[in-house]
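Undergrad: The structure that follows is given in the form of structure tokens.
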Amino acid sequence: MADQSPRLTTAFGNPISDNQNSITAGPRGPVLMQDYHLIEKMAHFNRERIPERVVHAKGYGAYGTFRLTKSLSAYTRAKVLTEVGKEVPMVARFSTVGGESGSADTARDPRGFALKFYTEEGNWDLVGNNTPIFFVRDAIKFSDFIRTQKRDPRTHLKPHWRRWDFWSLSPEAIHQVMILYSDRGTPKSARFMNGYGSHTFSLWNERGERHWVKFHFHTKQGIQNFSAEEADRIAGTDPDYSAADLSSAIEQGDFPKWKVSVQIMPELDADTYRINPFDLTKVWPHGDYPLIEIGEMELNRNPENYFAEIEQSAFEPSNVVPGIGFSPDKMLQNRILSYSDAHRYRLGVNYHQIPVNQARNAKVQTYHRDGAMRTDGNHGAQVDYQPNSFGGPVEDPAFAEPPLRIRGDAARYGWPNDDEDLYGQPRQLWSKVLNDGERERLVKNIVTSMGDSPRHIQERMIAHWYKVHPDFGRGVAEGLGIDTRQAAAE
Ligand code: NDP
Ligand code: HEM
């Protein structure tokens, strides 16, 4: 070897003498089939791509720690939420939703905020977004909604009228649509946005008591967003802007941090609270259930290899630890099943063995065996059925979640109910939270996006904005050149 460089080998360690010239019959070829090195290179390359995530395909991530500052032991037995001061290692992945894996980071889209905490009681995944709510509240509508964000089957283009058609026929979406078209729809990067568990989850303690909980991650860097014009420009000039922003901050030792808080609701409040607390299109107003600060999350280490550690990461709401549970939220219920199913398709049945997905601080003892690409020794000689009399792992009733009271007749229950206020929280956002400039930009962003919609879709949508607030409806109608008196009367 000419220098101290490591020796090049085949995938099986056989030294390679020449990586520049294939074996040919004479200097002008043809190529001999015996050039196994050439074939290995070609065949591996042909198989390099794995399916991208069906949603949230474009992303980036980093490792970090979560440190608890306030114990939630009154509510939960989960060590990650009760052992004050302990640092729990974690990994985060941030993403846009609708674009392909090469799409621009600055697209107007919710941002995924997926977290995996490697706790000593197993992995706990919180797979949230940078918004506290969502567009739909029944998973039966999820794939339809996502299609409106993706490409038209005929043209393979992404006209916006498809989304406005769906949203105008799905009024539960308008709260999230307002956040999407507000300044928060184009965050600068993960460092400058909040994250939310979004769903209602549950906490349960050893006394068998259950509380409902929502998780909030507030950026300590402050919220920073791009204007619509900046976001569009950067999409063209620097489509990986946000990924680069996070990794260079970490590289420079400027570790981003988030304040972690919870809202907690006693189990029985859910029966009488004026809002359905399991409706993913609504927040719990802070005035009703105040934020309780419980800790801090910091990101402080970049991955060494994007594909190995971020592309192959697999987050799943079904990963919970004793003391943290689910809720009747119809979306969450479906997500509990959907993610591991998607991972088995995208990464294979043994995806739990990929290092970033391993329960690195808990011992894994299952009766699963075999499957494609099993690489961990397959539990060796250990007995592979249960019950058994050979010392195999056994279940422990001490980890049983308290029973959940459920009642009601099985049926497909339509929303909205007659007495439901679909427009109240969007109105709060318009009137109480946004300032004049933010309202103006919200209207402008919507008008720009609705420009390609047929008139009947524009009118149907404007009727919703009027119900949120007359100024809002009027602003959008005027922007689209629609007679405001007629629109108001719809
Ligand atoms: P609050 O006044 O207590 O909360 C308003 C919240 O709105 C803020 O705490 C902040 O949440 C968020 N917010 C601030 N500026 C913006 C903005 N420009 N765009 C979007 N969100 C912003 O009132 P309520 O709790 O009664 O909520 C009122 C409305 O605020 C809700 O209807 C909802 O639309 C919105 N909201 C509420 C949240 C909640 O969990 N209660 C969370 C986010 C929005 P944060 O501190 O999380 O950034
Ligand atoms: C990714 C399904 C709603 C946040 C995904 C993936 C699927 C999926 C199949 C790809 C998983 C993969 O291949 O790794 C669903 C379904 C939903 C739903 C069926 C509704 C029923 C939501 C909601 C949120 C959310 C409400 C946030 C509150 C995410 C995030 C990712 C993701 C952050 C990317 C995770 C990562 O970075 O790997 N979703 N989703 N999803 N979803 Fe959902």
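Using N, Cα and C of the backbone, Cβ positions are placed for all residues, glycine too.
A TrEMBL annotation is a machine prediction, not a hand-curated record.
Not my notes, these are from TrEMBL:
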type	residues	note
ACT_SITE	HIS56	active site
ACT_SITE	ASN129	active site
BINDING	TYR339	heme binding site
COMPBIAS	1-24	compositional bias 'Polar residues'
DOMAIN	9-394	domain 'Catalase core'
REGION	1-28	region 'Disordered'
Undergrad: Going by DSSP, give the three-state secondary structure for ASN129 (active site).
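TA: SS state of ASN129 (active site) = strand.
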Undergrad: Tell me whether the residue listed as 'heme binding site' sits in a helix, a strand or coil according to DSSP.
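TA: The residue in question, the residue listed as 'heme binding site', is helix (DSSP, three-state).
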Undergrad: Per DSSP, how many helix, strand and coil residues does the compositional bias 'Polar residues' (1-24) have?
TA: 0 helix, 3 strand, 21 coil
Undergrad: Express the distance between the Cα positions of the residue listed as 'heme binding site' and HIS56 (active site) as a whole number of Å.
TA: 12
Undergrad: Which number gives the other C-beta atoms within 10 angstroms of the C-beta of ASN129 (active site), all protein chains shown included?
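TA: Other Cβ atoms found within 10 Å: 25.
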Undergrad: Helix, strand or coil: which one is HIS56 (active site) in, per DSSP?
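TA: In the DSSP reduction, HIS56 (active site) maps to coil.
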Undergrad: So for HIS56 (active site), how many other CB atoms are inside 10 Å of its CB?
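TA: That number is 23.
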Undergrad: Whole-number Å distance between the CA of ASN129 (active site) and the CA of HIS56 (active site)?
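TA: With distance taken Cα to Cα, HIS56 (active site) is 11 Å from ASN129 (active site).
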